[in-house]
Amino acid sequence: SDHMENIYGYLMKYTNLVTGWQYRFFVLNNDAGLLEYFVNEQSRHLKPRGTLQLAGAVISPSDEDSHTFTVNAASGEQYKLRATDAKERQHWVSRLQICTQHHTEAIGKNNPPLKSRSFSLASQGSANSPGVQRRPSQNAVSFFSVGHHRLPTGKRVPIMQPDHLVDVREMMSQAEGQQRDLIRSIECLPVSGHLTSLDQDLLMLKATSMATMNCLNDCFHILQLQHASQQKGSLPPGTTISWLEPKISLANHFKNGAAQNFPTEINKPASVREEQSIAEPCQLTREPEEINPDEELEDISDDKEDDLGAVEEQRSVILHLLSQLKLGMDLTRVVLPTFILEKRSLLEMYADFMSHPDLFIAITNGTTPEERMICFVEYYLTSFHEGRKGAIAKKPYNPIIGETFHCSWRMPKSDVATDAGSNFSAHSPSEQVTLSKDLEGQTELDYYTVKFVAEQVSHHPPVSGFYAECVERKMCVNAHVWTKSKFLGMSIGVTMVGEGLLSLLEHGEEYTFSLPCAYARSILTVPWVELGGKVNINCAKTGYSASINFHTKPFYGGKLHRVTGEVKQNTTNTVVCRVQGEWNSVLEFTYSNGETKYVDLTKLSVTKKRVRPLEKQGPFESRRLWQHVTESLRDGDIDKATEHKRALEERQRNEERLRAETETPWCTKYFLKEGDGWVYHKPLWKTVSAAQTQQTDTN
């Protein structure tokens, strides 16, 4: 009883992103089981500004500091509070927990146990029955009665011991059976009428119940491993505590009224039959093809993805798909609905990262290693903004194995920043001609050419290789990326596993770099993209390195798309440049001499890439390969786009099955496997080395 006295005092309360933290006067009313707050102590006699019922609430000290704690009410409302010091926080937390426990137990004593825990649909009789005639104000969830098991009055819940795991497993089995009955009841509903199997409230109930059971199973698995470790003294060698693999088949995730009915073979459009009948890729020419940049034309397509379009219309399908997924699940083999796709391949998205070729070429213009590293960091940070097509997060096509993408950029020499310290005329005419046949007759051209090629070199795991070069400036970049996607609840995370290598052959320098993770947030409302994680750029020869942090938005406060970084000389551990800002807005570079430079990405000029017309592209080049899917998406015909996409995927599976049966290895076209990575078959560093050797022999 000494601990049940009413307490009051000032605490800071987090209000919202605009007003942030504000002092408010809080009162703990133990008799009523309420936490109330007022603007100040003087207004205490007035009506409270806010009230939380503490019965069933959870009081949690925060990990972010020693002063903050949260009060999570059973209603779902939450107060985030901050005391003046750790001692005061402990005082409030302990009193709130005592009051919460007292009133939670009182509810249990005053309410008799229900007969059973059941999930049952209301009457499914005729259309005139009350169960079918749904009132507009009636929520779909109200059609389900949910009871709960309760221990007899006066008995406390014992602390869970290892030998109780059998009882827990039995209770969970019962819950799983009831959850299956719930799903079955929903799926038995008609697809039309007042209450349907595609009702968004019911689909949300399916998704949350499935996620709850999956989470409970994962937690039970962890408890079993901990029990085993207690018995054996330690976990068995090689054992890891992680999310379980999914138990639910995703092959039929379009069922429940959302199945896609594809036409039979005889009724398929000619374009679909063509997609399915393309010969086995290894039977086509797999010899590298030299693309003539003069055949490429400036790209006129502008497929911005700023319209939600079918995403809003198909939200019920998304909800149904989410109900089949589980936290941490690898999405590599999950076939996602067509309407969430953007109108380009992942290989083309990598090319769009090169949309500022002037900044790319300018890297080699730096007169010192420090300048070149800073120029590379500037180019690196400006590449991601244009790589996104609009503010809406959509997914590029998954490239099929053997798919390629070619393009180039022409950059007027007058638009590329130069330094007096760079002597570009140092190369002899003979060396210029020997470097590449592409330079023949072009010594008088007033533009630089940056060529790009990408290839999907592996299907499982999905690995892409891409390469870009500017022969005139003796610079090239080679990279391979393995995209690993995971389901994170209301978002999807994509990890870019791999490494890139930038070679500045004029200076004999190589820069290794990695890529950040990407996240599609708010996938049920308006999906948007943010980047996260730490990336590193290193040049072993010069001893310069850069560390860049892409910050994801915190739950409370903070800015979107924030990035910070620094460039350092490793030998002296001296920071020569710091950068901060947003990767899709304004970046601020602060140099060691005190100077500051601002880069507004929204005002940077974008150079259009040049692509060959479709009729000149090979059958496995991205735009020709996906042309029917892209056209259908542009026309808003989701069913037709899905049909074409499915035909491509079926062909890829058939080819993979044939290679497995005949034990035929896949042969790549442009990239060769070297160690754990993939390298372009004819990188510029080999060409330049051969040219220099030939020139030496001539002399």
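Positions of Cβ are set from backbone N, Cα and C atoms, glycine also.
The structure displayed is predicted, hence computed values, not measured ones.
For the domain 'PH' (4-101), the DSSP-based tally of helix, strand and coil residues reads 20 helix, 40 strand, 38 coil. Annotation comment: TrEMBL describes 4-101 as domain 'PH'.
Sequence annotations record features per position, and here TrEMBL assigns region 'Disordered' to 104-137 (among others).
According to TrEMBL, the compositional bias 'Polar residues' annotation covers 117-137.
TrEMBL lists 273-301 (among others) with the feature region 'Disordered'.
Sequence annotations record features per position, and here TrEMBL assigns compositional bias 'Acidic residues' to 290-301. Within its own chain, the compositional bias 'Acidic residues' (290-301) has Cβ neighbours under 8 Å at 406-408, 410, 438, 449, 451, 453, 608-613, 616, counting only residues six or more beyond its boundaries.
Sequence annotations record features per position, and here TrEMBL assigns region 'Disordered' to 638-658 (among others). Summarised by DSSP class, the composition of the region 'Disordered' (638-658) is 21 helix, 0 strand, 0 coil.
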- Tell me, roughly as an integer, the mean pLDDT over the domain 'PH' (4-101). 87
